[in-house]
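Below: the structure, in structure tokens.
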Amino acid sequence: QIFNQHNAETPNLEQAFHRMAQMETNLDHDVSWFLLPSYWAKMVVALISFLCFANSYDGDFVFDDSEAIINNKDLRAETPLGDLWYHDFWGSKLSSNTSHKSYRPLTVLTFRINYLFAGGFYPVGFHVINIILHCTISVLMVDVFSILLGGLQFSNKGRRLNLAPKSSLLAALLFAVHPVHTECVAGIVGRADLLCALFFLLSFLGYCKAFKENKEGHTFSVFWVLVSVVLGAIAMLCKEQGITILGLNAVFDALVINKINLLELIRKLLYKDKSLVNGGLLRKGLLFRITLLLCGGASILYIRWRIMGTGPPAFTEVDNPASFADSLFVRAINYNYYYSLNAWLLLCPWWLCFDWSMGCIPLIKSVSDWRIIALAALWFCLIGLICQALCSEDSHKRRILTLGLGFLIIPFLPASNLFFRVGFVVAERVIYLPSIGYCILFTYGFSLLSKQAKKKKILAVAVLGILLINVMRCALRSSQWRSEEQLFRSALSVCPLNAKVHYNVGKNLADKGNQSAAIKYYREAVRLNPKYVHAMNNLGNILKERNELHEAEELLSLAVQIQPDFAAAWMNLGIVQNSLRRFEEAEQSYWTAIKHRKKYPDCYYNLGRLYADLNRHIDALNAWRNATVLKPEHSLAWNNMIILLDNTGNLAQAEAVGREALELIPNDHSLMFSLANVLGKSQKYKESEALFLKAIKANPNAASYHGNLAVLYHRWGNLDLAKKHYEVSLKLDPMAPGTKENYSLLRRKLEQLQKKGG
């Protein structure tokens, strides 16, 4: 209802309007809850939402953060800003066959700003922004819930009235402390959902502002409707779900502004009732506004389609097994089971996991599976709520239930598999926005219980208990998101059948040098998913390093057999075959890897090592040169070129390559060392000495650096300095090859000089 007042104001007129409105909608009347002024309510919500996730501020980059942030070239200054509009969320070209088509340029732009201000990849700044965003969204929820639960009404001063202050505070608190939001807040890539939610809510509030009476007395403002569309477009540029706000704005317009009874509308449409037009739909501008929303939405989708291209993203069966099922029945029943799991996460967010794919949720293949009960329970509840939303004689009840269901279902549609295949089974991040609908329904249910309950304070204490448990659960879950080790291990008890969980635990252990424990988890990942080629590749790598070459070869051969275009596995297979001295097979494996990944500097480097072992020096130099062209900072390839040229007597060429390498990588001490050796052999002692000293300053504990500098001084005739560095070298590595002999020669020479001097 919109009040259009033009009369002179009396001192208590606004309060009178507030009382009149409350008589119409009495959601707060029976709710035993705290009544706070709007400012204090928002302060409380902000503080509590901050407390929930504050301990994530100094967490690491975890899980998807590596690909979306650390390995994303779009964050670096050398990448033109314009490229962000043609790349996906992970930095790949949208036109690429490997792109996931997740188009979120504004989110990537905020990551880039974070990186710029932090001066590098320091996670604190990224985490702090996420926490601030969630607090801001939670505060906005107070206003949003006051409209959704209390209606949109204005005083004669043009101020929006909060007709459900207690209910809106409760709903905002439920949203702020919901543990399912931890992934979005504590995981940096969750920024996409947070930014999307922020502009989603601003779009909704902007749409509501369109109905504030202006000076000309018009019932709505076209300007604010268009602003709402623009904000919806911005939300979609943060994450795809943002576009759904335009549909929700239309639903809100129909139910709250025009007070349409959906059941009655359907009946009139079926019977072509002329009162449909005479009833005021056209007069109130509903069709015009919906046309604006439709045109805006269609334009946004068309532009996105043109940028993205028509090709759908390429997902694999392990990402979303139900979508690859041949039977329509199996697909439908499993999709519905996934919906019930999402609903359960909203109701009881205790079992949370960073990844629900790859065997975590086995497919339902027959109606005898007991999990069918979950589907039945979900649809029983949904049908009951829909019937009440359509058929209830209480218009207030119809409005709240329909809005609750709308905000629960509509933002979830892009993740539902109904319109296109998605790359996950269940993802906690995608229910950040649908949780708004859950909070509406929970709050309305609480108000109904309060109305019936004789001891309302006990009910209020129970809800307080739920909030407190959720706060503690958020804090615990946030701490698990602080590091990959804690995050991955927390998933073992939730999804023990998930091969990816075991793979990630194993990878984390391997990165820390605990290969024995890593092998155990990699083996379990392969056992759970015999086609898990990445686990096979990593396990094969570890076995190769432990010199268990035959099993490593079996695993890597199986990996490339399952996925013939797996370039990394082909390269690793080549390394193993090279170690087994099967050089022709190794060369073939390397070239197969390069065939599947044209720009593969590491593979060219390993190919060069193979050619060097076969004394094919020209081929080795060409391979290493290719590696440095593709990756100019490839220190190992540069080093090997210098060393090979040095060993074959091409000192001038070795010097030229060394100088070229140091221009590109000026702080690499290993390159300084290699070039210093070459210069020493060329009798450029002064320059060689400077490079040796610079290398030692960068890496003072390298025995070979001191030993070779001692050799330089020995040749140069600086015998005291030679003696000093021989001794340092032997102290660092008593078994250093050649150093003992050189030191003995030096001592004999010094003794002879002393005798001559005597």
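FYI, residue positions are counted from 1 along the chain as it appears here.
Using the three backbone atoms N, Cα and C, a Cβ is placed for every residue, glycine included.
Residues annotated as transmembrane segment in TrEMBL: 39-57 (among others). Among residues of the same chain six or more beyond the transmembrane segment (39-57), those with a C-beta under 8 A of the stretch's C-beta atoms are 124, 127-128, 130-131, 134-135, 138-139, 141-142, 165, 168-169, 172-173, 176-177, 182, 185-186, 470-471, 474-475, 478-479, 481-482.
Per TrEMBL, transmembrane segment is recorded for 131-151 (among others).
Here TrEMBL flags 163-182 (among others) as transmembrane segment. Outside the transmembrane segment (163-182), and at least 6 residues removed from its termini, the chain residues within Cβ reach (under 8 Å) are 18, 21-22, 25, 27-28, 31, 33-36, 38, 41, 44-45, 48-49, 52-53, 56, 134, 138-139, 141-143, 145-146, 149-151, 153, 345-346, 349-350, 352, 428, 431-432, 435-436, 438-440, 442-444, 446-447, 463, 467, 470-471, 473-474, 477-478, 481.
Annotation comment: TrEMBL describes 188-208 (among others) as transmembrane segment.
Counting same-chain residues at least six beyond the ends of the transmembrane segment (220-237), those with a Cβ under 8 angstroms from any Cβ of the stretch are 103-106, 195-200, 202-204, 206-207, 209-212, 214, 243, 245-246, 249, 285, 289, 292-293, 296-297, 300, 304. Per TrEMBL, transmembrane segment is recorded for 220-237 (among others).
Look at TrEMBL and you will find 243-266 (among others) tagged as transmembrane segment.
Look at TrEMBL and you will find 286-305 (among others) tagged as transmembrane segment.
Feature annotation from TrEMBL assigns domain 'DUF1736' to 311-383. The average pLDDT for the domain 'DUF1736' (311-383) in the predicted structure is 89.
Look at TrEMBL and you will find 372-391 (among others) tagged as transmembrane segment.
Per TrEMBL, transmembrane segment is recorded for 403-424 (among others). Outside the transmembrane segment (403-424) by six or more residues, the chain places 100, 148, 200, 240-241, 243-245, 247-248, 251-252, 255-256, 312-313, 315, 319-320, 322-323, 331, 335, 338-339, 342, 356-357, 382, 385-386, 389, 430-431, 433-434, 436-438, 440-441, 444 with a CB less than 8 A from a CB of the stretch.
Feature annotation from TrEMBL assigns transmembrane segment to 430-449 (among others).
The transmembrane segment annotation in TrEMBL covers 458-476 (among others). Sequence-distant contacts of the transmembrane segment (458-476) (same chain, six or more residues past either end, CB-CB distance under 8 Å): 32-33, 48, 51-53, 55, 170, 173-174, 177-179, 181-182, 349-350, 446, 449-450.
Here TrEMBL flags 499-532 (among others) as repeat 'TPR'.
As annotated by TrEMBL, repeat 'TPR' applies to 533-566 (among others).
Sequence-remote contacts of a segment are chain residues at least 6 beyond its ends whose Cβ falls under 8 Å from one of its Cβ atoms, and for the repeat 'TPR' (601-634) they are 567, 571, 574-575, 578, 583, 586-587, 590-591, 593-594, 640-641, 644-645, 648, 661, 664-665. For 601-634 (among others), the entry in TrEMBL reads repeat 'TPR'.
Per TrEMBL, the feature repeat 'TPR' maps to 703-736 (among others).
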Maximum Cβ pairs under 8 Å to the transmembrane segment (286-305) - stretch from the list 131-151, 188-208, 243-266, 372-391, 430-449: 243-266
Within-chain partners of the repeat 'TPR' (703-736) [C-beta distance under 8 Å, separation at least 6 from its ends]: 669, 673, 676-677, 680, 685, 688-689, 692-693, 695-696, 742-743, 745-747, 749-750, 753
Residue counts (helix, strand, coil, in that order) that DSSP gives for the repeat 'TPR' (533-566): 27 helix, 0 strand, 7 coil
Sequence-remote partners of the transmembrane segment (131-151) [C-beta within less than 8 Å, at least six residues beyond its ends]: 1, 21, 24-25, 27-28, 38, 41-42, 45-46, 49-50, 53-54, 56-57, 160-165, 167-169, 171-172, 175-176, 181, 184-185, 191, 194-195, 197-198, 201-202, 204-205, 208, 252, 256, 399-400, 403-404, 407, 436, 439-440, 443-444
Non-local residues, at least 6 beyond the ends, that sit with Cβ under 8 Å of the transmembrane segment (243-266): 1-2, 147-148, 151-152, 200, 203-204, 207-208, 211, 228-229, 231-233, 235-236, 276, 280-281, 284, 286, 289-290, 293-294, 296-297, 300-301, 389-391, 395, 398-399, 402-403, 406-407, 410-411, 413-414, 433
Secondary structure content of the repeat 'TPR' (601-634), with strand meaning DSSP E or B: 27 helix, 0 strand, 7 coil
